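The transmembrane segment feature in TrEMBL is assigned to B:6-25, B:32-55, B:67-86, B:117-135, B:155-175, B:187-206, B:212-230.
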Amino acid sequence: MLCEGIGGEKEAEAAGKMAAVEEEEEMGSSCSWRMRGVAVVLLRGLLLCALVAGSGWCNSVERKIYIPLNRTASCVRLMNATHQIGCQSSMNGDTGVIHVVEKPEDVQWVLTDGPHPPYIVLLDGELFTRDLMDQLKESSRISGVAVAIAKPSPVKGFSPASKCPNDGFGVYSSDYGPQYAHCNNMEWNPLGNGLFYEDFSFPIFLLQDENETEVIKQCYQTYNLPRNGSVPQYPLCAMQLFSHMHAVTSTVTCMRRTSLQSTFSINPEVICDPLSDYNVWSTLKPVNVSTKLNSTEKVVMVATRIDSHSMFWNVAPGAESAVASFVTHLAAAEAIHKAPNVQSLPKNIMFTFFQGESFDYIGSSRMAYDMQKNKFPIRLENIEYFLELSQLAPTNPSVFWMHTDPLSQRNLSDQINTMLVALKNSTAGTGVEVREISSSQALPPSSFQRFLRLKEIPGVVLADHNTSFQNKYYQSIYDTSENILLNYPEWLSPEEALDHVTETAKSLAEVATVVARALYQLAGGSGSTTAIQADPKTVTRMLYGFLVRTNNSWFQSIIKADLKGILENEPPPYYIAVSKPVNATYLVHYVLANLTGTVANLTKENCLSSDGDLYEYAWVQGPQDPNSTSSRLPFCVRSAVHLSSAISPAFELREWGSTQYSTWTESRWKELHARIFLVASKQLEIITLIVGIVILIISFIATYFINAKADVLFATPQDSGAVAY
Amino acid sequence: MGAAVFFGCTFIAFGPALALCLLTVAGDPLRVIVLVAGAFFWLVSLLLASLIWFISVQLSDRDNGQLQYGLLLFGAAVSVLLQEAFRFAYFKLLKKADEGLVALSEDGRPPISIKQMAYVSGLSFGIISGVFSVINILADSIGPGTVGIHGDSPHYFITSAFLTMAVVFLHTFWGTIFFDACEKGRYGTLGLVVASHLLTSGLTFLNPCYEASLIPLFLLTVSTGAWAFFTAGGSLHSILACLPCKKEESDSVMVYSTLRRPAED
Amino acid sequence: MNLDRVSNEEKLNLCRKYYLGGFALLPFLWLVNVFWFFREAFLVPAYTEQLQIKRYVQRSAVGLLFWVIVLTTWISIYQTHRAQWGEMGDYLSFTIPLGTP
């Protein structure tokens, strides 16, 4: 029986493939009936594919109906202790008639006038504002929004983040500087419209490819455009957006459900995951990670964030909000490592790259927590100074601002002054100027605040803004390389562009020089600092790799062979995500290892097997062999670079409703995709159904009567009695 | 919403076949067996045809659109010839089975006549080929989209359904005529059946110019139906005799005709 | 089992078993009893055991009605209020629908 069953199934499968042949035969698929606009070219292409590929891939009928949109990004649902934010569609996707909104007046059609609700609004990037989205949110006639990315970026700025980023998770609260809490004293991100923190009941997609946007607009103009006052007729061009989210309400709810399901259910289903990744850190003088640092040993800590986000999942260019500053940080680390006699400095320097800072300080809160709980080789007591590099885009003139905590000034004014002086002294000979801010201004959102919450540490946050952010596109899709004026002449090949020293790189290298020299002095270095110099060439390579394309010869040579798949012809997203580590973390890790490590003269086996508490060894791909086109010259890198967990302590403690620690989680989903197609009128559909039912009924009646009269109809005189049934 | 189209098209394509199956086949176990076995024969023919087509595509230059179109035509023709070959094989098999049944039966009469078997086998070929040609289309008719974004006709689903209905009828008629011709050794008739099958297949290549394919196809169906009606023993006289019943659904009449035992001569 | 081929005594026995079995929180037995023996209890010509069968069927019907009311009430309360109960709602659920509160 079993064999028979399997045989039967196989046959059905084979037959299924055959159906493609037969179908082509029976239904054909050429010659156009009503060719309009775009359709012609697309049709030809598809037809050729259909004919050539035959039984191959997806169903040819589906290809006749739908055009999938391949380069889209979706807004997804995130949750914290109390809220859900983001978007979601229904289980089977939300469908609506497309309406293009290019002027603010156009929205009237979808909100009141249009006769075919629900609508999916194709929104011009410039109009993607809080006001308009609020209007759409109110309406029940909207089933989704597709946003076409604006090129060039909106002049007046755009930031979906809040006006007071990470409010409530920094140091200022009712206990500590209540006058500074909730950005009372300063709105750091005045352009922030808070769209990211809104909960939308319809899906929102970003169209990243202009060609696809053009196809949709063509379809709209052909079918949906109201012509001289008359209402457009069916068929209409429609869009379907799939972004059904599994989790709801809050982190508390979704984590509880996840843990319940994993305990009781036969088929456990995770419905949300904490946002988590790894921090990257290293020290000038290697420290033993399996023991704790002696409390007499002092460390100067440098920190930056390496993450950003936007309204859309895994679209997080973060050029100014993350990349420029961590590139400066990396360049400074390299400069110090190259300086003479740094290993004999009285204090150690720790380079720290925090993940998840844009989500209520995930990385720094975890590291500070670990330090406090003695789970980290370095303790809070070891930290002598804390220097944070916040947003550092090149400015003209090159002026940067040293932010300090007004409340620490009381007890720690001497140490803070030492830091300020060290930074100021270091600018000599560079084009950079650093200035103090007014002593009554609070710290901007920074990782340092998480350390300050636990212990009073003298610290400075270096940033490109005096008062509110200079960045017009804080945590948005437009915070790209253009935002930090990174331009390459068009004629350069990718490899030439990699080594082309841009103005941005020069100016960031100068900042890195200042930082490196200041660190040298803070670490107790007494010699001349003029020899410490950050290399603009390294900076430009990093900017190219982190902001233009990761798949370049330098990145290829410094990562492990099994990671070469992460290199792409575009910059990596700097979203923290839930899979770990993300590509951005890997890249920062290997760049830092390359810049601060040394080449260890080891064979591959020794390199892979040696793993000390002091150092980390990595067998990297190495540069292309000049004598051969395909092989590389791999080598072993020894560095003091380590990863440390960047998952919020709230999840470690299972305090999902925590107000102390970040509680952000990301919902799971099955699919995120979008497609366009035509919808037929209800009338046509009902006619089809009626015709079908009429034919069915006629068939039964006719069959019944003929069956009854069969004798008379077919009987011949000789054979009238011999009817078989 | 899309469900309306799905059910509408399903009823159009398979309504007549469903009525025929339920009212004339389902009641008799022997006919059910003939129906299922016929469908199997058709499937085997399709398997072979698609193998041939698949191999020829693999061996040929895939970037040559003209050639591939030619191959598709060739594949369709091969498929038609194979279907008819398997119809003949099935006829031979049923013939053998009929002899066995005669030997078993008590009154020396076969429990099912060759004419009836011809009708049922024709219907089985029709149903299975209809299913295979339209199932993908039906699956996508549920929606939410409809055909047309690449400029195809919006009437794609309903015309496909009518085409399928015609194919189901045509196969039934061909079955009747074919078996009769085999029985009586009329090779010219056999040739005509194969030719009309080839013609049908060829007509579908005119899609999506539906006016050019559907109208000739339905004319062909009606004429084949009339032919099958007379082949099965019907006549103008018998229609007149039946007049009081006031039902002259020509297509269905033909189908029914095959159920009757023909004149003994 | 075809009741026509069973002796009246056996019918009564069977009906009693189903009736008693229903008390073990198995209202479906009562449901079966009501449907199965309805004809025997009320429609066929009278016989000795019919009176008892009738009584069992009636009582099964009452029990069944009780269960139907209880379950319907509970299910409607649960379905409409689960989301409001929050944590308690989750603990009371075996499977939780995805994407709804």
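Here, residue 1 is simply the first one shown, and the rest follow in order.
Cβ coordinates come from backbone N, Cα and C, glycine included.
Touching of the transmembrane segment (B:67-86) and the transmembrane segment (B:6-25) is ruled out by the presence of fewer than three CB pairs under 8 A, sequence neighbours closer than 6 excluded. The stretch from B:6-25, B:117-135, B:187-206 that makes the most Cβ contacts under 8 Å with the transmembrane segment (B:155-175) is B:117-135.
By number of Cβ pairs under 8 Å, the transmembrane segment (B:187-206) is matched best by B:212-230 from the list B:6-25, B:117-135, B:212-230.
When Cβ-Cβ distances below 8 Å are used as the criterion, the transmembrane segment (B:6-25) is approached by residues 31-32, 35, 120, 123, 126-127, 130-131, 134, 137-138, 141-142, 157-158, 160-162, 164-165, 168-169, 172, 251-252, 255-256, 259 of the same chain, each at least six residues removed from its ends. Residues 9, 13-14, 17, 20-21, 25, 31, 34-39, 41-43, 46, 83, 87, 90-91, 94, 98, 160-161, 163-165, 167-176, 178-180, 232, 255, 258-259 of the same chain lie 6 or more positions beyond the ends of the transmembrane segment (B:117-135) yet place their CB under 8 Å from a CB of it.
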